[in-house]
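As structure tokens, the structure follows; a few thoughts come after it.
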Amino acid sequence: MTSLPVLPLSPDAPGRRPALPPRHLADLDLAGRQALVAELGEPAFRAKQLSTHYFGRLVRDPAGMTDLPAASRDRLAESLMPRLLTPVRELACDGGATRKALWRLHDGSLVESVLMGYPDRVTVCISSQAGCGMACPFCATGQAGLTRNLSTAEIVDQAVYLAGAAASGAVTGSPPRLSHVVFMGMGEPLANYSRVVEAVRRLCAPAPEGLGLSQRHVTVSTVGLVPAMRRLAGEGLSVTLALSLHAPDDELRDELVPVNQRWKVAEVLDAAWDYASRTGRRVSVEYAMIRDVNDQPWRADLLGQLLAGRLAHVNLIPLNPTPGSRWDASPKPVEREFVRRLREAGVSTTVRDTRGREIDGACGQLAASETGSADGR
Ligand code: SAH
């Protein structure tokens, strides 16, 4: 038993009893924080003070909040800023331009985030769930199954923590201010729908309510949960939707992205075009290039036919082979031919850079190596 308040169960996970963490100010909007502060017998303006520290100055340690009287500071910090993420490992590579963090959550679950610096921007890749239930066979996170949904604050805190690291100069050769967030870490964001949407609102609300990012600089990536994609199109958010397609035909996609057995390529693309037309945002189609599996010229042509004339961009991802996997990345000439055919069909296409390879930079591999669960797969 804990004396700390626990978030209510969400309709996103019927029948589940996830061990959600204690409530944190990032779970609430500013009005909610003010109400809570008042309940604690403190003046409501303290909510704004705390929020300014957390979202405006990226201060996470109550000891640094010297404008608050010590007694109130401790009480408020205990109720509104419990520690959600404990760093287990932090690794840097690419000459300091990429940093990866592995966190332990209050219940022992492990999740990862990656901070990536570019000359003109800083991006953080965050997790939305501990584990993932989507079971894509090429993805390290997919192998271990779902542990639980993250709370809104656990999602937001990854970005705030790493925004603080960036602000203190952790990313070599980049601006100090975090500008972009991608939901491409562990988990399926649209399977934790309400908390992820709430997290997006918090990341994009101006400080001190939130982190003040532009909605256009936030990308939500999905395996293609069609009803949730349609719901997201109606939220009035202008975030980028990334669709992990990985195959243009149902036969192969049924295997690579098992949720395709429920929602087929045609349905998922329909929902993507609906998202594009309702938001005006170009959909990013993710396609991991897997040698001799999905990289044939005919699949490039089929993909080109499906996407030509649509508000879409293809992002080819060289497969990051998971330990023990029978799959490998496509050879560069095969990749180049795939790109050439897509462009010939009039589809804008780029190949994603392979940041963080030597620190198991993507796809749940760091958490898997920590628990040993990737062995023998
Ligand atoms: N569940 C969401 C978001 C997390 S994964 C989704 O599937 O979209 C982010 C992206 O990384 C997805 O496109 C996913 O298919 C891809 N990915 C996962 N494992 C990979 C691997 N081993 N190599 C390359 N891309 C991978």
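These residue numbers are counts, starting from 1, taken along the chain as shown.
In case you wondered, yes, glycine gets a Cβ from its N, Cα and C as well.
Unlike curated records, TrEMBL annotations are generated automatically.
The model shown is predicted, which means the values in this text are computed figures rather than measured ones.
Annotated region 'Disordered' per TrEMBL: 1-20, in sequence order.
Residues or ranges marked as active site, proton acceptor in TrEMBL: GLU112. In the three-state DSSP scheme, GLU112 (active site, proton acceptor) is classed as strand.
Annotation source TrEMBL lists domain 'Radical SAM core' at 118-358. Within the model, the domain 'Radical SAM core' (118-358) carries an average pLDDT of 95.
Feature annotation from TrEMBL assigns [4Fe-4S] cluster binding site to CYS132, CYS136, CYS139.
Long-range Cβ proximity for SER244 (S-adenosyl-L-methionine binding site), meaning a same-chain Cβ under 8 A and a gap of 6 or more residues, is found for CYS136, SER221, THR222, VAL223, GLY224, VAL257, GLU286, ALA288. Per TrEMBL, S-adenosyl-L-methionine binding site is recorded for GLY187, GLU188, SER221, SER244, LEU245, HIS246, ASN320.
Per TrEMBL, the feature active site, S-methylcysteine intermediate maps to CYS363.
If you count neighbouring Cβ atoms within 10 Å for each of the binding-site residues GLU188, SER221, HIS246, ASN320, the highest count belongs to GLU188.
Checking the recorded positions GLU112, SER221, SER244 against ligand 1, the ones with a C-beta less than 6 Å from an atom of that molecule are SER221, SER244. A gap of 17 Å separates the Cα atoms of LEU245 (S-adenosyl-L-methionine binding site) and CYS132 ([4Fe-4S] cluster binding site).
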